[in-house]
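Remarks on the structure that follows.
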Amino acid sequence: MDRMDLLSALVDKGLRREPPTRAEALAVLATSDDDLLEVVAAAGRVRRAWFGRRVKLNYLVNLKSGLCPEDCSYCSQRLGSKAEILTYTWLKPDAAVAAANAGVAGGARRVCLVASGRGPTDRDVERVCETVSALRAEHGTAVEVCACLGLLSDGQAERLRAAGANAYNHNLNTSQAAYADICTTHDFTDRAETVRRARAGGLSPCSGLIAGMGESDEDLVDVAFALRELEVDSVPVNFLIPFDGTPLAGRWELTPQRALRILAMVRFVCQDAEVRIAGGRELHLRTLQPLALHIANSLFLGDYLTSEGQSGRADLAMIADAGFEVEGGTVPAGPPEPDADADAGGGEPAGAAVPVAVRRRGAGTTLPPNA
Ligand code: SF4
């Protein structure tokens, strides 16, 4: 099948929500840089059919940072991590709500409450429920609340739902075949089971992947199809942030073009899911970030869990400049601050390593958050 036949078949299927074949998904990843704009345009047709020109903004609040007993090799919070990240235990509900409110004021319509660890105790769930209830009381239904606390035990999803949580995030990260290469303390089936528990407990399942960890095209396609099979509502696509002090330090295997092809493949497989440009976009998409908005319909505003993103104002300006609109937004888009692009990785040649800025502001610090 030639490239134009491939893309028109993928668009037709995308509009009908008919799954592509595995071969078609692999073929998207194998397209050349010469074909990049055609791939983006085709994925853009599917994106616009389901989501118009809307961009959903999500805001991360790291409730508990570092000191995790698990050994996920990509994670700056893992057992034995030497990454010089902020480490702190549970934020008090008022501090968590204050951090979340900064994101909401910046335009976010979903707040993601995240804690490091293998999974929450029932006491931890109660603690998070206090924050969820406080956010629900303050914002009603104008803001969605997602929890991301690790592997769930029986009844925990239901308790979060009863407190007012809308969604639960637990990423599959990579294929079942490659999972043992990135973690030995839990496995792929543990993660998939938590996604199922979240759905069964009444929470909207959010689950995604990380690209750039040494996986093959087959692994990326397998994890995308696994996410489709789990019927997840939102799919964060992360690009590895190779923190110094972790086993994957120094791994820079993505180009901006490949990052776009990966997003397009995910869009063609999970056609009507919220595809979210997640961690690492500034480092890997760099100056091609606006093109990714034609494929994905969602991103994280501001900072990540343990690293800093470009400024929230630069995010809003990028969305407006690219001709998209913030979902539910009343936030006026203005020009970015003069130094807003300084931390976006702009201007670096493709494939170059750019420094990872460890987060030093927002939750767990006395400095204001980036939103
Ligand atoms: S379980 Fe979560 S916080 Fe812990 S090492 Fe793995 S990804 Fe990091």
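Every residue, even glycine, has its Cβ placed from backbone N, Cα and C.
Per TrEMBL, the feature [4Fe-4S] cluster binding site maps to Cys68, Cys72, Cys75. Note on Cys68 ([4Fe-4S] cluster binding site): other Cβ atoms within 10 Å of its Cβ, all shown chains, come to 21.
A C-beta separation below 8 Å, combined with a sequence spacing of at least six in one chain, links Cys146 ([2Fe-2S] cluster binding site) to Asn58, Arg110, Val111, Cys112, Leu113, Ala165, Asn166, Ala167, Tyr168, Asn169, Ser204, Cys206. If you look up TrEMBL, you'll see Cys112, Cys146, Cys206, Arg276 marked as [2Fe-2S] cluster binding site.
Residues or ranges marked as domain 'Radical SAM core' in TrEMBL: 50-281.
For 327-371, the entry in TrEMBL reads region 'Disordered'.
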Arg276 ([2Fe-2S] cluster binding site) and Cys75 ([4Fe-4S] cluster binding site), Cα-Cα, nearest whole angstrom: 19
Long-range Cβ environment of Arg276 ([2Fe-2S] cluster binding site), under 8 Å and at least 6 residues apart: Lys56, Asn58, Gly208, Ser234, Val235, Pro236, Val237, Ala296, Asn297, Ser298, Leu299, Phe300
Cβ-centroid neighbours of [2Fe-2S] cluster site Cys112, Cys146, Cys206, Arg276, 8 Å, sequence order: Asn58, Arg110, Cys148, Ala167, Asn169, Ser234, Pro236
Neighbourhood of ligand 1 - binding-site residues from Cys72, Cys75, Cys112, Cys146, Cys206, Arg276 with Cβ under 6 Å: Cys72, Cys75
Additional residues surrounding [4Fe-4S] cluster, by Cβ distance to the Cys68, Cys72, Cys75 centre under 8 Å: Glu70, Asp71, Tyr74, Ser76, Gln77, Arg78, Leu79, Ser81, Ser116, Cys183
